[in-house]
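Record features (Swiss-Prot):
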- Thr15, Gly16, Ser17, Ile18, Asn127, Glu129, Gly208: NADPH binding site (BINDING)
- Lys128, Ser154, Glu155, Ser179, His202, Ser215, Asn220, Lys221, Glu224: 1-deoxy-D-xylulose 5-phosphate binding site (BINDING)
- Asp153, Glu155, Glu224: Mn(2+) binding site (BINDING)
Amino acid sequence: MNEIKKKQIAILGSTGSIGTQALQVIEEHPELYEVYALTANNKVDLLIAQARKFMPEAVVIANEEKYAQLKEALSDLPVKVYAGAAALCQIVESGPIDVVLTAMVGYAGLKPTMNAIRAGKAIALANKETLVVAGELINQLARQYRTPILPVDSEHSAVFQCLAGEVGNPIEKVILTASGGPFRTCTMEQLKTVTKVQALKHPNWEMGAKITIDSASMMNKGFEVIEAKWLFGVQPGQIEVVVHPQSVIHSMVQFEDGAIKAQLGMPDMRLPIQYAFSYPDRINSSFDRLDFSKCTNLTFEQPDTKRFRNLALAYESMYRGGNMPCIVNAANEVVVAAFLRDEISFLGMSDVIEHTMGQVSFVQTPTYDDYVATDAEARRIARELICK
(Lines of atoms letter the chains of each structure in order from A and count residues from 1; the text may use other names and numbers.)
(Lines give C-alpha, C1' and ligand atoms only; values in the text may rest on other atoms or scores of the structure.)
Protein backbone atom coordinates (compact mmCIF):
# COMPACT_ATOMS: atom_id res chain seq x y z
CA MET A 1 0.00 0.00 0.00
CA ASN A 2 1.42 3.38 -1.02
CA GLU A 3 2.20 5.76 1.80
CA ILE A 4 0.30 9.05 1.64
CA LYS A 5 2.61 11.97 0.95
CA LYS A 6 2.30 14.39 3.82
CA LYS A 7 1.47 17.98 2.94
CA GLN A 8 4.31 20.29 3.88
CA ILE A 9 2.93 23.34 5.70
CA ALA A 10 4.58 26.71 6.31
CA ILE A 11 2.90 28.84 8.97
CA LEU A 12 3.53 32.57 8.83
CA GLY A 13 2.66 33.80 12.31
CA SER A 14 2.80 30.48 14.16
CA THR A 15 2.79 32.06 17.62
CA GLY A 16 -0.48 33.95 17.13
CA SER A 17 -4.03 32.72 17.69
CA ILE A 18 -4.51 31.24 14.19
CA GLY A 19 -0.99 29.83 14.09
CA THR A 20 -1.26 27.97 17.39
CA GLN A 21 -4.65 26.53 16.40
CA ALA A 22 -3.23 25.44 13.04
CA LEU A 23 -0.54 23.52 14.90
CA GLN A 24 -3.30 21.77 16.87
CA VAL A 25 -4.85 20.68 13.56
CA ILE A 26 -1.49 19.38 12.34
CA GLU A 27 -0.89 17.61 15.65
CA GLU A 28 -4.25 15.85 15.29
CA HIS A 29 -3.35 14.60 11.80
CA PRO A 30 0.39 13.75 11.81
CA GLU A 31 -0.26 11.19 9.07
CA LEU A 32 -1.41 13.96 6.68
CA TYR A 33 0.54 17.10 7.56
CA GLU A 34 4.08 18.07 8.45
CA VAL A 35 5.41 21.45 9.54
CA TYR A 36 8.07 22.68 7.11
CA ALA A 37 8.55 26.23 8.42
CA LEU A 38 7.41 28.36 11.34
CA THR A 39 7.70 32.14 11.58
CA ALA A 40 7.01 34.70 14.27
CA ASN A 41 7.44 38.40 14.81
CA ASN A 42 8.52 38.75 18.45
CA LYS A 43 7.41 35.75 20.55
CA VAL A 44 10.73 33.98 20.47
CA ASP A 45 10.13 31.74 23.53
CA LEU A 46 6.96 30.27 22.06
CA LEU A 47 8.63 29.88 18.66
CA ILE A 48 11.45 27.95 20.33
CA ALA A 49 8.94 25.65 22.05
CA GLN A 50 7.06 25.08 18.79
CA ALA A 51 10.28 24.31 16.92
CA ARG A 52 11.35 21.77 19.51
CA LYS A 53 7.94 20.08 19.37
CA PHE A 54 7.29 20.05 15.61
CA MET A 55 10.88 19.91 14.31
CA PRO A 56 10.40 22.05 11.20
CA GLU A 57 13.02 22.36 8.49
CA ALA A 58 13.36 26.09 9.25
CA VAL A 59 12.21 28.88 11.56
CA VAL A 60 12.22 32.63 10.98
CA ILE A 61 12.01 35.41 13.56
CA ALA A 62 11.10 38.74 11.96
CA ASN A 63 12.64 40.75 14.81
CA GLU A 64 16.36 40.45 14.09
CA GLU A 65 17.23 41.36 17.69
CA LYS A 66 15.83 37.98 18.77
CA TYR A 67 17.93 35.98 16.28
CA ALA A 68 20.83 35.18 18.63
CA GLN A 69 18.50 33.88 21.33
CA LEU A 70 16.61 31.73 18.81
CA LYS A 71 19.79 30.40 17.21
CA GLU A 72 21.33 29.48 20.56
CA ALA A 73 18.16 27.79 21.85
CA LEU A 74 17.89 25.56 18.77
CA SER A 75 21.61 24.90 18.31
CA ASP A 76 21.21 21.23 19.28
CA LEU A 77 18.55 20.65 16.59
CA PRO A 78 18.87 20.26 12.79
CA VAL A 79 16.60 23.29 12.30
CA LYS A 80 17.73 26.16 10.08
CA VAL A 81 17.31 29.55 11.79
CA TYR A 82 16.78 32.84 9.94
CA ALA A 83 15.79 36.39 10.84
CA GLY A 84 14.36 39.50 9.20
CA ALA A 85 11.65 40.47 6.73
CA ALA A 86 13.66 39.30 3.71
CA ALA A 87 14.06 35.81 5.17
CA LEU A 88 10.32 35.71 5.77
CA CYS A 89 9.68 36.36 2.09
CA GLN A 90 12.29 33.83 0.98
CA ILE A 91 11.25 30.92 3.19
CA VAL A 92 7.81 30.65 1.54
CA GLU A 93 9.52 29.93 -1.80
CA SER A 94 11.13 26.73 -0.49
CA GLY A 95 10.57 23.86 -2.92
CA PRO A 96 9.00 21.24 -0.63
CA ILE A 97 6.26 23.55 0.74
CA ASP A 98 2.73 22.67 -0.42
CA VAL A 99 0.62 25.12 1.61
CA VAL A 100 1.46 28.50 3.14
CA LEU A 101 -0.83 29.57 5.98
CA THR A 102 -0.67 33.36 6.14
CA ALA A 103 -1.58 33.99 9.77
CA MET A 104 0.47 37.16 10.26
CA VAL A 105 -1.36 40.25 11.45
CA GLY A 106 -1.81 43.28 9.20
CA TYR A 107 -0.02 44.79 6.23
CA ALA A 108 3.14 42.80 6.99
CA GLY A 109 1.51 39.75 5.41
CA LEU A 110 1.30 41.26 1.92
CA LYS A 111 4.85 40.77 0.59
CA PRO A 112 5.38 37.18 1.79
CA THR A 113 1.95 36.22 0.43
CA MET A 114 2.90 37.64 -2.97
CA ASN A 115 6.17 35.67 -2.91
CA ALA A 116 4.34 32.46 -1.98
CA ILE A 117 1.88 32.94 -4.86
CA ARG A 118 4.73 33.50 -7.32
CA ALA A 119 6.33 30.30 -6.04
CA GLY A 120 3.12 28.41 -6.83
CA LYS A 121 2.21 27.56 -3.24
CA ALA A 122 -1.41 27.04 -2.22
CA ILE A 123 -2.39 29.92 0.07
CA ALA A 124 -4.46 29.27 3.19
CA LEU A 125 -5.41 32.90 3.72
CA ALA A 126 -5.94 34.05 7.30
CA ASN A 127 -4.32 37.46 6.77
CA LYS A 128 -7.35 39.35 5.42
CA GLU A 129 -5.39 42.60 5.20
CA THR A 130 -3.56 41.18 2.17
CA LEU A 131 -6.78 41.31 0.13
CA VAL A 132 -7.99 44.52 1.79
CA VAL A 133 -4.80 46.35 0.83
CA ALA A 134 -4.12 44.84 -2.59
CA GLY A 135 -6.98 42.57 -3.61
CA GLU A 136 -6.78 43.33 -7.30
CA LEU A 137 -3.02 42.74 -7.42
CA ILE A 138 -3.28 39.48 -5.44
CA ASN A 139 -6.04 38.16 -7.71
CA GLN A 140 -3.99 38.99 -10.80
CA LEU A 141 -0.99 37.13 -9.38
CA ALA A 142 -3.10 34.14 -8.34
CA ARG A 143 -4.51 33.86 -11.86
CA GLN A 144 -1.10 34.33 -13.46
CA TYR A 145 0.57 31.64 -11.35
CA ARG A 146 -2.54 29.44 -11.09
CA THR A 147 -2.30 29.48 -7.32
CA PRO A 148 -5.36 28.55 -5.23
CA ILE A 149 -6.36 30.93 -2.42
CA LEU A 150 -8.28 29.04 0.26
CA PRO A 151 -10.06 31.22 2.85
CA VAL A 152 -9.42 30.59 6.53
CA ASP A 153 -11.66 33.31 8.00
CA SER A 154 -14.71 31.45 9.31
CA GLU A 155 -17.09 33.65 7.29
CA HIS A 156 -15.27 33.25 3.99
CA SER A 157 -14.71 29.55 4.57
CA ALA A 158 -18.48 29.32 5.09
CA VAL A 159 -19.20 31.12 1.81
CA PHE A 160 -16.58 28.99 0.05
CA GLN A 161 -18.31 25.83 1.31
CA CYS A 162 -21.75 27.15 0.32
CA LEU A 163 -20.48 27.70 -3.23
CA ALA A 164 -19.31 24.08 -3.61
CA GLY A 165 -21.25 22.51 -6.47
CA GLU A 166 -22.63 25.86 -7.62
CA VAL A 167 -20.29 26.59 -10.54
CA GLY A 168 -22.17 28.66 -13.10
CA ASN A 169 -25.06 29.47 -10.77
CA PRO A 170 -25.21 33.26 -10.33
CA ILE A 171 -24.84 34.64 -6.81
CA GLU A 172 -27.45 37.20 -5.85
CA LYS A 173 -26.01 38.02 -2.46
CA VAL A 174 -23.26 37.02 -0.04
CA ILE A 175 -24.45 37.38 3.56
CA LEU A 176 -21.66 37.69 6.12
CA THR A 177 -22.68 37.17 9.73
CA ALA A 178 -21.20 39.22 12.58
CA SER A 179 -21.44 38.54 16.30
CA GLY A 180 -21.74 42.28 16.95
CA GLY A 181 -18.86 42.08 19.40
CA PRO A 182 -18.86 42.98 23.11
CA PHE A 183 -20.47 46.41 22.55
CA ARG A 184 -23.42 45.35 20.36
CA THR A 185 -26.01 46.71 22.80
CA CYS A 186 -24.05 49.76 24.00
CA THR A 187 -25.36 53.28 23.44
CA MET A 188 -23.23 56.01 21.86
CA GLU A 189 -22.84 57.50 25.33
CA GLN A 190 -21.52 54.20 26.70
CA LEU A 191 -19.17 53.75 23.73
CA LYS A 192 -17.47 57.04 24.59
CA THR A 193 -15.95 55.52 27.71
CA VAL A 194 -15.27 51.86 26.85
CA THR A 195 -11.80 50.60 27.73
CA LYS A 196 -9.36 48.24 26.04
CA VAL A 197 -10.02 45.69 28.81
CA GLN A 198 -13.70 45.65 27.87
CA ALA A 199 -12.93 45.62 24.14
CA LEU A 200 -10.62 42.61 24.48
CA LYS A 201 -13.44 40.42 25.83
CA HIS A 202 -15.05 38.92 22.74
CA PRO A 203 -18.28 37.02 23.51
CA ASN A 204 -17.73 34.04 21.18
CA TRP A 205 -14.26 33.77 19.64
CA GLU A 206 -10.71 33.32 20.99
CA MET A 207 -8.53 35.70 18.95
CA GLY A 208 -5.44 37.90 19.10
CA ALA A 209 -5.57 41.44 20.51
CA LYS A 210 -5.63 43.34 17.20
CA ILE A 211 -8.44 41.36 15.58
CA THR A 212 -10.41 41.41 18.85
CA ILE A 213 -10.35 45.22 18.85
CA ASP A 214 -11.26 45.20 15.15
CA SER A 215 -14.22 42.96 15.98
CA ALA A 216 -15.35 45.29 18.76
CA SER A 217 -15.24 48.29 16.37
CA MET A 218 -16.69 46.21 13.46
CA MET A 219 -13.71 47.14 11.30
CA ASN A 220 -12.99 43.42 11.10
CA LYS A 221 -16.37 42.90 9.45
CA GLY A 222 -15.68 45.79 7.11
CA PHE A 223 -12.41 44.16 6.08
CA GLU A 224 -14.23 40.87 5.58
CA VAL A 225 -16.66 42.59 3.20
CA ILE A 226 -13.71 43.81 1.09
CA GLU A 227 -12.10 40.38 1.29
CA ALA A 228 -15.34 38.75 0.07
CA LYS A 229 -15.42 41.04 -2.96
CA TRP A 230 -12.03 39.80 -4.12
CA LEU A 231 -12.42 36.15 -3.09
CA PHE A 232 -15.81 35.57 -4.68
CA GLY A 233 -15.92 38.10 -7.53
CA VAL A 234 -19.03 39.89 -6.30
CA GLN A 235 -19.86 43.59 -6.41
CA PRO A 236 -19.97 45.71 -3.22
CA GLY A 237 -23.77 45.94 -3.45
CA GLN A 238 -24.03 42.15 -3.36
CA ILE A 239 -22.41 41.83 0.07
CA GLU A 240 -24.64 42.17 3.12
CA VAL A 241 -23.70 42.08 6.79
CA VAL A 242 -26.15 40.64 9.31
CA VAL A 243 -25.54 40.67 13.06
CA HIS A 244 -26.02 37.16 14.47
CA PRO A 245 -24.93 37.23 18.14
CA GLN A 246 -24.80 33.45 18.61
CA SER A 247 -22.12 32.87 15.89
CA VAL A 248 -23.68 29.54 14.89
CA ILE A 249 -24.36 30.43 11.26
CA HIS A 250 -20.96 31.47 9.93
CA SER A 251 -22.23 32.99 6.67
CA MET A 252 -24.69 32.44 3.82
CA VAL A 253 -25.07 32.70 0.06
CA GLN A 254 -28.31 33.67 -1.67
CA PHE A 255 -28.69 32.56 -5.29
CA GLU A 256 -30.73 34.12 -8.09
CA ASP A 257 -33.71 31.82 -7.42
CA GLY A 258 -33.93 33.13 -3.84
CA ALA A 259 -32.56 29.97 -2.23
CA ILE A 260 -30.08 30.50 0.60
CA LYS A 261 -27.32 28.10 1.63
CA ALA A 262 -25.77 28.53 5.07
CA GLN A 263 -22.82 26.91 6.81
CA LEU A 264 -23.23 26.20 10.52
CA GLY A 265 -20.90 24.93 13.19
CA MET A 266 -19.28 25.63 16.51
CA PRO A 267 -17.32 28.91 16.73
CA ASP A 268 -13.96 27.13 16.46
CA MET A 269 -11.28 28.45 14.09
CA ARG A 270 -9.70 25.02 13.83
CA LEU A 271 -12.56 23.93 11.55
CA PRO A 272 -11.91 26.42 8.72
CA ILE A 273 -8.14 25.97 9.18
CA GLN A 274 -8.50 22.21 8.77
CA TYR A 275 -10.76 22.59 5.72
CA ALA A 276 -8.22 24.88 4.05
CA PHE A 277 -5.54 22.25 4.66
CA SER A 278 -7.64 19.26 3.54
CA TYR A 279 -9.61 20.83 0.65
CA PRO A 280 -11.26 19.42 -1.39
CA ASP A 281 -11.52 16.56 1.10
CA ARG A 282 -13.12 16.58 4.52
CA ILE A 283 -11.35 14.68 7.26
CA ASN A 284 -12.34 13.61 10.77
CA SER A 285 -11.78 15.84 13.77
CA SER A 286 -12.18 15.59 17.54
CA PHE A 287 -13.56 19.14 17.76
CA ASP A 288 -16.87 19.84 19.51
CA ARG A 289 -20.06 19.27 17.54
CA LEU A 290 -23.01 21.63 17.33
CA ASP A 291 -25.88 20.54 19.59
CA PHE A 292 -29.13 21.77 18.06
CA SER A 293 -31.03 21.12 21.29
CA LYS A 294 -29.01 24.00 22.76
CA CYS A 295 -29.54 26.31 19.74
CA THR A 296 -32.98 27.42 20.83
CA ASN A 297 -32.57 31.07 19.98
CA LEU A 298 -30.83 32.12 16.75
CA THR A 299 -31.36 35.84 16.18
CA PHE A 300 -30.51 38.33 13.44
CA GLU A 301 -30.41 42.13 13.26
CA GLN A 302 -29.06 44.88 11.04
CA PRO A 303 -25.70 46.45 11.99
CA ASP A 304 -25.83 50.02 13.28
CA THR A 305 -23.32 51.99 11.20
CA LYS A 306 -23.97 55.16 13.22
CA ARG A 307 -22.57 53.56 16.36
CA PHE A 308 -20.05 51.44 14.46
CA ARG A 309 -18.79 53.84 11.80
CA ASN A 310 -15.83 51.67 10.86
CA LEU A 311 -18.13 49.32 8.96
CA ALA A 312 -19.46 52.26 6.92
CA LEU A 313 -15.92 53.56 6.31
CA ALA A 314 -14.81 50.15 5.03
CA TYR A 315 -17.79 50.01 2.65
CA GLU A 316 -16.99 53.54 1.46
CA SER A 317 -13.37 52.59 0.79
CA MET A 318 -14.51 49.55 -1.19
CA TYR A 319 -16.88 51.60 -3.35
CA ARG A 320 -14.16 54.20 -4.00
CA GLY A 321 -11.61 51.50 -4.81
CA GLY A 322 -8.02 52.26 -5.82
CA ASN A 323 -5.72 52.63 -2.83
CA MET A 324 -8.52 53.72 -0.47
CA PRO A 325 -8.84 50.34 1.32
CA CYS A 326 -5.05 50.41 1.79
CA ILE A 327 -5.41 53.84 3.43
CA VAL A 328 -8.13 52.55 5.77
CA ASN A 329 -6.08 49.50 6.72
CA ALA A 330 -2.96 51.54 7.53
CA ALA A 331 -4.89 54.10 9.57
CA ASN A 332 -6.71 51.32 11.39
CA GLU A 333 -3.48 49.54 12.34
CA VAL A 334 -2.19 52.81 13.80
CA VAL A 335 -5.35 53.64 15.77
CA VAL A 336 -5.75 50.13 17.16
CA ALA A 337 -2.16 50.19 18.44
CA ALA A 338 -2.85 53.62 19.96
CA PHE A 339 -6.08 52.39 21.58
CA LEU A 340 -4.22 49.46 23.12
CA ARG A 341 -1.74 52.00 24.56
CA ASP A 342 -4.63 54.13 25.93
CA GLU A 343 -3.70 57.03 23.61
CA ILE A 344 -7.06 57.31 21.84
CA SER A 345 -10.70 56.66 22.69
CA PHE A 346 -12.78 53.88 21.16
CA LEU A 347 -14.89 56.28 19.10
CA GLY A 348 -11.85 58.42 18.33
CA MET A 349 -10.46 55.60 16.20
CA SER A 350 -13.14 56.15 13.55
CA ASP A 351 -12.49 59.90 13.52
CA VAL A 352 -8.80 59.40 12.76
CA ILE A 353 -9.49 56.83 10.04
CA GLU A 354 -12.03 59.09 8.34
CA HIS A 355 -9.72 62.12 8.40
CA THR A 356 -6.82 60.02 7.10
CA MET A 357 -9.01 58.90 4.18
CA GLY A 358 -9.47 62.54 3.24
CA GLN A 359 -5.79 63.52 3.45
CA VAL A 360 -3.79 60.71 1.78
CA SER A 361 -3.12 60.96 -1.96
CA PHE A 362 -5.69 58.90 -3.88
CA VAL A 363 -4.48 56.53 -6.61
CA GLN A 364 -7.15 54.94 -8.82
CA THR A 365 -5.01 52.13 -10.28
CA PRO A 366 -2.23 51.44 -7.76
CA THR A 367 0.89 49.37 -8.35
CA TYR A 368 2.71 47.50 -5.58
CA ASP A 369 4.99 50.52 -5.11
CA ASP A 370 1.89 52.73 -4.77
CA TYR A 371 0.59 50.47 -1.99
CA VAL A 372 3.93 50.73 -0.16
CA ALA A 373 3.90 54.54 -0.45
CA THR A 374 0.21 54.74 0.52
CA ASP A 375 0.75 52.60 3.61
CA ALA A 376 3.63 54.80 4.78
CA GLU A 377 1.77 58.07 4.10
CA ALA A 378 -1.44 56.90 5.79
CA ARG A 379 0.43 55.74 8.89
CA ARG A 380 2.26 59.07 9.16
CA ILE A 381 -0.94 61.10 8.83
CA ALA A 382 -2.85 58.89 11.28
CA ARG A 383 -0.08 59.26 13.88
CA GLU A 384 -0.06 63.03 13.40
CA LEU A 385 -3.85 63.16 13.87
CA ILE A 386 -3.62 61.14 17.09
CA CYS A 387 -0.96 63.49 18.47
CA LYS A 388 -3.01 66.64 17.80
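Glycine is no exception: its Cβ is also placed from the backbone N, Cα and C atoms.
By a simple count of nearby Cβ atoms, those within 10 Å, the most crowded of the binding-site residues Gly16, Gly208 is Gly16. Neighbours of Glu129 (NADPH binding site), defined as other CB atoms within 10 A of its CB across all chains, total 27.
Sorted by the number of other CB atoms within 10 A, the binding-site residues Thr15, Ser17, Asn127, Asn220 start with Ser17, the lowest. Secondary structure at Ile18 (NADPH binding site), taken from DSSP and collapsed to helix, strand or coil, is helix. Other Cβ atoms within 10 Å of the Cβ of Glu155 (1-deoxy-D-xylulose 5-phosphate binding site), summed over all protein chains shown, number 27. Long-range neighbours of Ile18 (NADPH binding site) (same chain, six or more residues apart, CB within less than 8 Å of its CB): Leu101, Ala103, Ala126, Val152, Gly208, Met269, Ile273. Secondary structure at Asn127 (NADPH binding site), taken from DSSP and collapsed to helix, strand or coil, is coil. Glu155 (1-deoxy-D-xylulose 5-phosphate binding site) sits 13 Å from Asn127 (NADPH binding site), taking the C-alpha atoms as the reference points. Put simply, Asp153 (Mn(2+) binding site) is 9 Å from Asn127 (NADPH binding site) when counted between their Cα atoms. When the alpha carbons of Thr15 (NADPH binding site) and Glu224 (1-deoxy-D-xylulose 5-phosphate binding site) are compared, the span between them is 23 angstrom.
Neighbour list (Lys128 (1-deoxy-D-xylulose 5-phosphate binding site), Cβ cut-off 8 Å, at least 6 residues apart, same chain): Asp153, Asn220, Phe223, Glu224, Glu227. Other than the site residues Asp153, Glu155, Glu224, same-chain residues with C-beta atoms no more than 8 angstroms from the centre of those residues' C-beta atoms, the Mn(2+) site, are Lys128, Pro151, Ser154, His156, Ser157, Leu176, Asn220, Lys221, Glu227, Ala228, Ser251. Among the residues Thr15, Gly16, Ser17, Ile18, Asn127, Glu129, Gly208 said to bind NADPH, no two Cα atoms are farther apart than 18 Å.
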